[in-house]
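For reference, the structure is listed below as structure tokens.
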Amino acid sequence: MRSFRLFFIAAILLAGSLVSAQSKHQFTLGDKDFLLDGKPFQMISGELHYPRIPREAWRDRMKMAKAMGLNTIGTYVFWNLHEPQKGQFDFSGNNDIVEFIKIAREEGLWVILRPSPYVCAEWEFGGYPYWLENEDGLIVRSKNAQYLSEYESYIKELGKILSPYQVNHGGNILMVQIENEYGSYGADKEYLAINQKMFKDAGFDGLLYTCDPAADLVKGHLPGLLPAVNGLDDPAKVKELINQNHDGKGPYYIAEWYPAWFDWWGTKHHTVPADQYTGKLDSVLAAGISINMYMFHGGTTRGFMNGANYNDQAPYEPQISSYDYDAPLDEAGNPTPKFVAFRNVIQKHLSAGTNLPPVPPAKPTISIPKIELENVAGLNDLKPEGKSSESPLTFEDMKLDYGFMLYRTKIEGGKSGILKVKDLRDFAVVMINGKTIGNLDRRTGVDSINLKLPDGNVTLDILVENLGRINFGKYLLQNKKGIVGKVIFQNSEVKNWQNFPLPLKSLGHYAAKPDLVDLNAPVMKKGTFSLSAIGDTYLDMTDWGKGVVWINGHNLGRYWRTGPQQTLYVPREWLHNGKNEILVFEQLKPENKELSALNKPILDQLQ
Ligand code: GLA
């Protein structure tokens, strides 16, 4: 054991010295320009997020970044992925941020690192791990002692593995962002200063900066740090704003420049033609301003990792799984007309004789005509041991992070009336004696349903889905999931519940269950299909209801008839020549039996 530990320590020291063996650089603030080893350096950067891209494809996306003319990439770091349970850290597989940064270096790209515990990013709880909600009295994004203590242990862990990759240590991380658009949330400069100190103490000892939308920059910047601006692209205004908040000096950095926008369920797909942006990009680059486009490549928010917006003016808006963003690289990583247009603009600003790498061709796609599926597990097969309670328990009470919770109780039949679920978060299938009778949906405010109970003792089931914790605004602080209030029938509380968590994480090896026929309830289905040629493909869920799909063990994300997303992107990296397995958890249309896959996505169809 001891010799193993010594070996481990030696390996870490060796890794550290390999990093520092690379040449160290100085990245500093000039009056007008960023200075790399004393010479003006303009970052032409694009954002891409390691968890939104299969690890196997990280290098391909970076090559695309180079081919468009980017010299830098930006990424957030996602706390909920790296510390899924308190004190348990994970930097493996698709969470291997160090590898992501190393590949960027090998491909000749600098990195802007955004490891703020809060990231927004259309990500579950803005990147916060769900378990923070179980810490007594903890208040995120504040000086609250419990919060700062969890924050500190996380950022120290990050510092240990990432600080050696800063330029001043021989790596390729140019600078590091603290907090994220804090001015849109609060104005406490002491809190910001604590962020700065925590970062420094964790080893982030290079250049630090903040970023905020123009209207909130005064509140969100910390005197002494560079205030970058988001969403502003008029060069004169960018310079004026940064000058005003930085002792009359630059350098000038647009930390998020939006080539389009993200989507949420039930709302039209967002696109903006490239020609509305090329002139702006041209003038920003001509003015010597550094820029990070958010997103250069959005990719996919797989699993249950999407967030949601909610405020007093708008309904609850959970984001879709595709994070295509109408970005220069599409969801699958192929160049779009926007990519070509931006590349042409960037090329104009490179020094004479510099030629960009050729644009790699789009990847081959395949279609799959018909995959047959059979029922392999009903809710009773999927549910683990439950826990009883008088009133329903929340996800957090059950230490359930994401996915679904099944609530079950018995009530006396022979009655009818309204069943109301108070504070439903977020979507529910209601069943009587195992048969679906309707849905409840937080987005539309439908929290009640008319029940006509048969005689006798009746089983009432409510399957509740967490559609994504809020990732922006004051409702970050009210983010518990499941049935958060009470269930009322005929004006009195329904009590004595069994609570069954269904995280749908480690999926079983299901075999067909012929007795699961004519089911009228959510069900897990399985199919296999054989491929003789591999390529990217898009599962067509247009005729399905609502659910989640896994291929060869990879959770591809959610589908929902409502749209605008109707297909689920399947990366070629996760398909096999020969046999492949697909699992579909369908909540609304258990009678469906077949699927096909298309050679192009449908992201713009509301139904
Ligand atoms: C803000 C946030 C980002 C992202 C964008 C919208 O600017 O900083 O994380 O949420 O909005 O995509």
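Backbone N, Cα and C define each Cβ position, glycine as well.
The signal peptide annotation in TrEMBL covers 1-21. Annotation source TrEMBL lists domain 'Glycoside hydrolase 35 catalytic' at 34-348. Look at TrEMBL and you will find Glu181 tagged as active site, proton donor. Per TrEMBL, active site, nucleophile is recorded for Glu256. What TrEMBL lists as domain 'Beta-galactosidase 1-like first all-beta' is 392-502. Here TrEMBL flags 523-580 as domain 'Beta-galactosidase galactose-binding'.
Between the alpha carbons (Cα) of the residue listed as 'active site, proton donor' and the residue listed as 'active site, nucleophile' lies a span of roughly 10 Å. Taken through DSSP, the domain 'Beta-galactosidase galactose-binding' (523-580) splits into 3 helix, 34 strand, 21 coil. Mapped onto three states, the DSSP output places Glu256 (active site, nucleophile) in strand. Within 10 Å of the C-beta atom of Glu256 (active site, nucleophile) sit 23 other C-beta atoms, taking all shown protein chains into account.
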